[in-house]
Each structure stands twice: as structure tokens, then as C-alpha cells.
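The N6-(pyridoxal phosphate)lysine feature in Swiss-Prot is assigned to 35; the stated evidence is sequence analysis. Under the heading active site, proton acceptor, Swiss-Prot lists 35, 255, citing sequence analysis as support. According to Swiss-Prot, the feature substrate binding site maps to 130, 303.
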């Protein structure tokens, strides 16, 4: 018996999206970003499905170790880098590469003797102003890494775009100009483009692209759809109706009597709530798909349940499926209705939601 609620993950869609990104960046290798539990799609499941990716990007060392333990032998890169000096020996032992973005990491690399050098990606802050060395710091930082026997050569080079998901924003081109000027003539691989860079800034694709959300069939642009770019949604978040009740005009529903019916109708209770990661702040009218039609959320989302207005002529039954987002109800549309981004919806699902690979 299949569990509810569950996130149904499509192998076909994941593989299609990776192939599509290869088409969009034919001269680049693809570092598939699978941090945050594969954007909620299952870390190991996604990595094993995308076994023809050229490498995988993670945020935390624990994520990388989970992939190694699961048998993944591909290139792994810690996008946040290492946090503690003891992490360096673990990186060497498990052949994990690291971003270097801060003075404290330089100091740790200079105060340890590793059994073999670690592969480093030096991060330039070209305008994001979150992680990375400023243009003024770059030359001295690069020379320190070059002089360090704990650092494998050549040193690879990277930056991250702040506004690539705004295709008309000129700051992305300026960030690329800053980066290209700094690293001109240096050896090593380059990577600039995230999902938005890969989709909208072909000139930024370089040696590697680092797609995250696009791998899962979702557009990185608010109000846009992945399908417009040839991507396929990889997740269907589904649950079921556990109760249907007749509801009279003037009756309220849910905590705080937040919603009151204007006319007679039928309400359906769906077994999913904020305890599963569905947003409590989903407003009235947020769409849910039941038996092929869109029905609106009414009342407040509670911990384990939410309520939808099925309509007066509903023929739905207890046990029928309710789709919170997926192929027929894009997560981008749900996110826009709620006032958030699709990234947040897919990554905030809790362990109560079973992740099922088809």
C-alpha cells in the first residue's frame, strides 16, 4: 500500500532534464546540484538516477559523505566549503573537492599537513556579496593557495550570480566581466552558471554549469514555468481525501473560523499540513488538483490537514487523490499563489512525506 502524503519522483523527468541541460550547454560539463536532500527529491535517489552527470554539488560535508557511503564515485564539490580543520582530512580520505571562500579556510589549509593535496575551487565575490574573495583580495589569495602544498594544482575558479534569474538585469553581465578580468590567463576550470545562468546567459556557461532547480523541472524565475524551457517536473506531491462533508452557507471551517461559506457546498479534507512541510500561510484559494480539476483551499492549513472546497455538485469520494503540485499543477504556480518560490516548497517537505522513486 502506498503511503500518504508522498512525493512521487520521476526518473524519466530527472534524466530528461539533465539531457536538456546538456543540450543547452553542449560545451560544458554538468555539476548537478543535489544539496538539501536533492531539493527535496531524495539525495541518493537523485544522484543514482543522474549517474551520467559529470559531478555533484553539495552544501555540507555530511551530504557528500552520504553519497560516498551510497556508492557514488563521481566528482563531489562542497559549495559552502569546509568549516573545521578536521574536515580537510575527511575531504582527502573521500576524494571530495572544496570551495575556498574565506580567510579562515586559508589559515586552516596553511596549518595542517595533509597526506595528499585537496582540490580547491577559489570563489570570487564578483557582486553577490555573500561568499568569496573580493577582486582586491584575489591576487594575494591565489598566490597563497599556489604556494600551499596542501592544495592541488591547478586551482579551479568560480563565482556565483546574484540576479541571473532576472534575465534583463545588467548586473549579471557585469559580474561576468569582473570575474573574467580577474582570472584571465590562469589555468584551471571555471564555473559561473547556476540554473538561471545555464538557461539565460549562454556566455557564462564556461567549463562547468551548476544547475540545481532546473534539474527538477522547475524554472528559477518567479512567475515562469520550467516547461517553457523544455523541462519536465520531477515531483508530484500527492495525498488523499480523508473526509467529505456537506457544508451550509454561513458555516465557517477550520481554526479561527477563518473562512465562511457564501453558499452551500461540499468540503474535502486532505491529509497534508504544515507538519509535512505544506505552508501554513497558503492563502484562501490556493489551488489543489482533485480528480482532474482545480479546487481552492478554504480555511487555515493545520498541522496534518487542509480543507478544499469541492463544490456543490462534487462526486468525489474519500480515498480520492489530491495533488498539491506536479505535472498537472506546476509547483511554480502554487508558489506564486502563496507568495514564495518553488525552491522553498520542494525543499521544506518533512520526513513525514514519503519520497517514492518511480
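Residue 1 is the first one shown; counting continues down the chain.
Glycine is no exception: its Cβ is also placed from the backbone N, Cα and C atoms.
Contacts of residue 303 (substrate binding site) defined by a Cβ separation under 8 A and a same-chain sequence distance of 6+ are given as 273, 274, 275, in order along the sequence.
Summary: among the recorded positions (35, 130), the fewest other C-beta atoms within 10 A of the C-beta are counted at 130. Within 10 Å of the C-beta of residue 255 (active site, proton acceptor) there are 12 other C-beta atoms, taking all protein chains into account. Cα to Cα, residue 255 (active site, proton acceptor) and residue 35 (N6-(pyridoxal phosphate)lysine) are separated by 35 Å.
In the three-state DSSP scheme, the residue listed as 'N6-(pyridoxal phosphate)lysine' falls into the helix class. Residue 130 (substrate binding site) sits 18 Å from the residue listed as 'N6-(pyridoxal phosphate)lysine', counting Cα to Cα.
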